[in-house]
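As C-alpha cells, the structure follows; a few thoughts come after it.
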Amino acid sequence: MRVGVLALQGAFREHLLMLGSLGADTLKVTKSEHLAGLDALILPGGESTAMVRIAAGTDLFATLRERMADGLPVFGTCAGLILLADRLSDDSLGGYDRLGGLDVTVARNAYGRQRESFTTPLTVRGLDEPVEGTFIRAPQILELGPGTEVLSRHDNVPVRVRQGSVWGASFHPELGTDGRIHAEFLHQLGAAA
Ligand code: GLN
C-alpha cells in the first residue's frame, strides 16, 4: 500500500512518520508526476493560503482532481479539508484554485485563533476508546451534502466526514502518537482494494 502526502507546506512530515510507523510505503508529493502509482493521498494541515499559492500555475491540482474522479482515495486534515471542501463560507482564498470533491461547506479558522487551539477527546465510530483531537486554527464544517456521512462529532458539530473515497477532518490526527485514525484509514483502503 503506497500512500502519498501532499508536501507543499504544513504538517506533512508528521503524516509520513505516522503512516510509516503503521507499515505503509510513503511518498512526498510535490508535483503531478508523483501521483502515478499511489493507492491514496493525504492532504495535511498547515496553511491553505500558502498551499494554493504554491500549487498555482502548476498542473498538480488539475491532475489530482482527475485521479480523484478515477477514485483515488484522499484524506484531508485541517487545511487539507479546506482544499477538499466544495464550498467555503467566505472568499478568503481569493481566486486561487482548490481541489473540491467533498460536498461540505467549511468556515476557515472558525474554532478561533492560534491561542484558542485545543485538544479534546473525540468519539470515533469503530474505535472503543476516544481519540485526542487537536484543533489548531481549525476549519468548521457548517453544512454537509446528502452523500456525506459523519464519522466523528465535537459538540454536535461534524469534525470527521466521508463522501465515498474522500475523507476530511477538522483536526490533526497526525500530531501526537495515536495512530488509530490513520490505521482506520489504511484499513478502509485495504477493505476497498
Ligand atoms: N487556518 C488554517 C487555514 O486556513 C488551517 C489550520 C491548520 O491546518 N491547522 O489554512
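Positions of Cβ are set from backbone N, Cα and C atoms, glycine also.
Of the residues proposed, Arg13, Arg87, Arg108, the one TrEMBL records at the same L-glutamine site as Gly46, Glu47, Ser48, Ile136, Arg137 is Arg108. All protein chains included, Glu174 (active site, charge relay system) registers 27 other Cβ atoms within 10 Å of its own Cβ. A 10 Å cutoff on Cβ-Cβ distances gives Gly46 (L-glutamine binding site) a total of 22 other Cβ atoms nearby, all chains included. Under the three-state DSSP scheme, Glu174 (active site, charge relay system) falls in the coil class. For ligand 1, the neighbouring recorded positions among Gly46, Glu47, Arg108, Glu174 are Gly46, Glu47, Arg108, by Cβ distance under 6 Å.
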